[in-house]
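*Asks:* Pasting a structure here, questions to come.
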Amino acid sequence: MTDQEHSASEENADSVEKHKYMRKIRSFVKREGRMTNRQQTAIDTLWDTMGIDFEEKLIDFNALFGRQAPIVLEIGFGMGKSLIEMAKNAPEKNFIGIEVHGPGVGACLADAGEAGVTNLRVINHDAVEVLDKMIPDNSLAVFQLYFPDPWHKARHHKRRIVQPHFIENMRHKLAIGGVIHMATDWENYAEHMLAVLQASPDFKNTSESDYAPRPEWRPLTKFENRGNNLGHGVWDLLFERIS
């Protein structure tokens, strides 16, 4: 997400916060945009095989994929290019992607279908509700959160998805030995992520320093490449569930 998009998110949030009827804090602003014909066609033709409808029922991953394999779950996959590349490069794993942006879901399905990816399923819904209602405890091998909205302004920090209660929820969803992998290009958010993870006695940092080098399995995005060329930093965090 660009700085301009981040600013737009914050402006939208300022407006939303004025409404007293808002029942809960959300970590995202849902901007649907225009669905292209290609994206809509992908949803119409591929949803039955690659899409998962939201329901208050735990997913049976073995039945869903027709096999038993490590589950990698990613929240906020955007247009899905990195997620598809990871799924292609790790056919021995099963991937679940959660995204609230409809056109992004359509783009992901279209690209995954063209690439012949079969070990990927997507959910178009609020990730927090999906985690609470659909993801079994102790079921995930890896949880991925790449470049979430940093909510720059201090008064919006409460909207950041990475909070102590969120990490505690992820502790339940990850199996012992499972890994949380986060990445951000916003240093203040990286420091926030690090502080929240370090405060949990149930996780340990897999890196000898605070932040880890980008692992080879996380593809570079166009945005990240552009930032690297401009000298902008990117911070990866990998923490393992130990209890």
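A Cβ is built for glycine as well, from the same backbone N, Cα and C atoms used for every other residue.
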*Asks:* Just to be sure I read the record right: Glu99, Asp126, Asp149 are listed as binding S-adenosyl-L-methionine in Swiss-Prot. Which of Glu74, Glu85, Glu168, Glu187 is listed for the same site?
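*Replies:* Checking Glu74, Glu85, Glu168, Glu187 against Swiss-Prot: the S-adenosyl-L-methionine site match is Glu74.
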*Asks:* If you pair up every Cα among Glu74, Glu99, Asp126, Asp149, the residues annotated as binding S-adenosyl-L-methionine, what's the maximum separation in angstrom, rounded to an integer?
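*Replies:* Farthest Cα pair among residues binding S-adenosyl-L-methionine: 14 Å.
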*Asks:* Work through the recorded positions one by one (Asp149, Phe223, Glu224) and name whichever has its CA nearest to the CA of Glu74 (S-adenosyl-L-methionine binding site).
*Replies:* Asp149
*Asks:* Look up Glu74 (S-adenosyl-L-methionine binding site) in the DSSP assignment and report helix, strand or coil.
*Replies:* strand
